[in-house]
Amino acid sequence: MTGDAPQPGETPHNEGGPWSYADPPGAHLRPRSAPGGDPALETPEAVAPELAEAHLAGVQDVAAALNVLAAPTRPETEREELPEPEPAVDPDAKGVEQHHEDVDAERFNTGGDSTAYAALDPEPAAGEAPDVMILPEPDRDRPTVALERGAVPGQPPSGLPRFGRGREDGARADRALQDRVRQERTTALLETSPFWRAGEEGPAAGLPALDDPGRPAGAARRSRRGPRNPRRPATGLLGLLALGLVAAFFAWVSAEPLWLAAGHGDRGSATVLRCTGSGVTQRCTGQFTAAGGAYRVDDLTLLGVEPDRRATGSIAPARMVSGDSRQAYVGSTGMLVHLRWALGLVLLLVCGLGIAGLTGARRLDTARARHGALLISIAGPLVLLAGFLAAAY
């Protein structure tokens, strides 16, 4: 508690405090003393009549002044406008249709032309309703299509680290380039294919028509194949020279065995002078003497010497094509002689086919030209064989 407030059960000291004396029950009200214990104020005495009149006059002056201040000041030039009198209505006049904007005694002044009525602002004319697109209700049962998630900015599209993204991009670019090149090549082949000209330009260009049922399918397929580009002259010339030399070697090796297999040659005896190696690598040299002593050839190659006759000085029957030959075949005409000439002939034919391929004989325009070039390529090695046969005879 603050101040001079009495405590519970304590009587206030005087009447000047905020707490007053307790009135005794049933006691009449008594005048309270002034604060600080002073007696109560006395009733003012009656005033004189002159003072009352002066007070009334002052109140009237103040009221008049307040009324003047409260009234709005209007300029002298403003003049109240009164509505003009309406014209008299003729009771005998007939109703005539008039424009709706004209104002007369029978209509309200809806246009607000007169000052007697307070016209409201005209409502704006309602324009045409705007076209509104009505969308259909969404189909909630349609199938869901999974969309590919785009790459997040600042991150590699495949989730790879930045150092592996360059390698992945390079591989993707290479694949795209290969696909584009393959597509362009396929388009070019389709545009230049004779298949599309078979119906229009086929008969004129020598190509078979597609609606020819009597022509074999293989012939039509072969005729559609266009001529290929010829080989370079330098490549064909080098191949021709190389295979020509190989064919000449096989022709020389096969000439004498072919004559001996055919039964042509001179019989006699061979004397072994020296043998080296064994098997396929065996090399023997000796001396051949024709039967009846017609001629003798020294230091020649002996072929087909048996292992039991390799000793120096051994004598065995032998055959030679002629006295100008440098090799003699020991023993009878057996499998070795036939194998030598047959193998040489097969290798000659292989050389002929190689010459045809390297010189571009199969790349010629017409089939007749290709066949002729192939036959000439095979005939070349055979001509070499014929020349060596003539020389060995």
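Just so you know, glycine gets a Cβ as well, placed from its N, Cα and C.
Here's what TrEMBL has on this protein:
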COMPBIAS  91-107  compositional bias 'Basic and acidic residues'
COMPBIAS  165-177  compositional bias 'Basic and acidic residues'
COMPBIAS  201-220  compositional bias 'Low complexity'
COMPBIAS  221-231  compositional bias 'Basic residues'
REGION    1-49  region 'Disordered'
REGION    69-121  region 'Disordered'
REGION    148-177  region 'Disordered'
REGION    196-233  region 'Disordered'
TRANSMEM  234-253  transmembrane segment
TRANSMEM  341-361  transmembrane segment
TRANSMEM  373-392  transmembrane segment
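Remark: secondary structure over the compositional bias 'Basic and acidic residues' (165-177) totals 13 helix, 0 strand, 0 coil, with classes taken from DSSP.
Cβ atoms under 8 Å from those of the transmembrane segment (373-392) belong to residues 244, 247-248, 250-252, 254-256, 258-259, 321-322, 325, 344-345, 348-349, 351-353, 355-356, 359, 361-362, 364 of the same chain, restricted to positions at least 6 beyond its ends.
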